[in-house]
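Enquirer: Submitted below is the structure of interest, expressed as structure tokens.
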């Protein structure tokens, strides 16, 4: 459980260097599996039959009952038994973003199903917590009474009062983050469970309207949250964050316009950040809007979106130590933001650096820093250095993921893992008796909290594995959530995926008064074989994936698939593209022709690459100028 952090727009930070003591490569796939497993240990409510963390049992089965609402389920945020709405929603948003960006890698690892179940466990609860359009329950339990006791969740005797926001007691930050979470989760389930995705979107729209119409900080309404999750940044960042996710989920221009029209007044284009987390969302908003810009979606808002992107790159450059103000680091190279649960900032910043690196690669451009142009690969290398530090490449050779490696925290500040399992010994553990018997024990936890990312070391890489050292040994769900995407990317590689390709979204019924863009029938998909022979070794297929009208002109987004149909490896290719009148992503310009993108050096037999371009005309003429087979 963490107290609040302070919002500092440009905190003085320092350059992150490569670790001189880096060890051999890590098993990112194993770490990914463990990081997802942690969420099962944090579950509240009736546990499912396929529960893999078997030392846990049902808990919190009367949550919400006194208020006449079913609030059973969801996640405990950290090492206690309170359900805090703001960090829980952020956790769901970041898990969903991980799946959206790296779902293919998660699928290849066999963990996509587990990751989606982790999201749904949280999103199911968020649906329950939103029983009316303008009512949202934002907390169950009270940190003060909960911290007075040391009990496993199955034995809780603490106050389980539920706290809500409504028009008379608003909370735009809480409602905004919850809207973002449900919008992001809807993308995750769009194909596998479309009716559930639509239900999530309906809640997300209502919550955004509620957050925007009734402005206020949630901790002024749910005052018991102030000591633990105070909204220091206010609510403007969450309103922009929610709009960005709703646009990504719906393609509704209303939300794009909201970002463009309010970017300056709400700080989206003004705040240069060196942190990203459950409270301060600006760097996340800026990263998403920069993605929209690179996708060619900005339209008339391009000047404003370019300012968002400048601030996104301010954040990225600060992480690399190449900006005007740079993040602080420990001597061992870890980002250091604060003593209490510093690791939350490490995983969140590393995730943003990873996705932005892939956006830049897909767009075929570099990062613009005060120290000069930086290759996208440096952002990925930075993120990898942070993950490697977490997994044990640090001065203490300590893994800060419980259960990974041989030297990891054994006395985690976590009620459930530190007390004998209810299934082993169901003897009731009293409120204060838990402190006397279990909290004060110097031995290892009886239950292994597999995959948990603890708070981590101090500014000098020092760490004390002691249960009462809550600043360093307490885990949190929002520490792990960004790690899903990070580890999937490091484990599965890039795979040649274009991170700027649009997600196909069915046109939902929108109850906003904003007019829908007029859709003009697009030109028919065009097949351009090269050369024009059924037995040609290189096949090119183009298709239209989207169209829209801006300032009276119709624009089309085209996806082009280039396939090696030969039985040999394609070592080199030169494509000729004529009648192209807009931006192109996914190829490298080479003189008057186009070659493989920077992340591909050859194309195996039977494999394909994809590139995309946008312009206001029929499909461009694409043909093969030359190629070399191995």
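Note: Cβ is positioned from N, Cα and C throughout, glycine not excepted.
For 1-24, the entry in TrEMBL reads signal peptide. Taken from TrEMBL, the feature active site covers 413, 465, 474. Annotation source TrEMBL lists domain 'Carbohydrate binding' at 538-618.
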Enquirer: Could you give the Cα-Cα distance between residue 465 (active site) and residue 413 (active site), in whole Å?
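Expert: That comes out at 9 Å between the alpha carbons.
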Enquirer: Please list the DSSP helix, strand and coil residue counts for the domain 'Carbohydrate binding' (538-618).
Expert: 0 helix, 51 strand, 30 coil
Enquirer: Would you count the other C-beta atoms found within 10 angstroms of the C-beta of residue 465 (active site) for me?
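Expert: Its Cβ has 17 other Cβ atoms within 10 Å.
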Enquirer: Could you state the CA-to-CA distance between residue 474 (active site) and residue 413 (active site) to the nearest Å?
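Expert: Counting only the Cα atoms, the answer is 5 Å.
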Enquirer: Neighbour count, 10 Å Cβ-Cβ cut-off, for residue 413 (active site): what number do you get?
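Expert: Within a 10 Å radius of the Cβ of residue 413 (active site) lie 25 other Cβ atoms.
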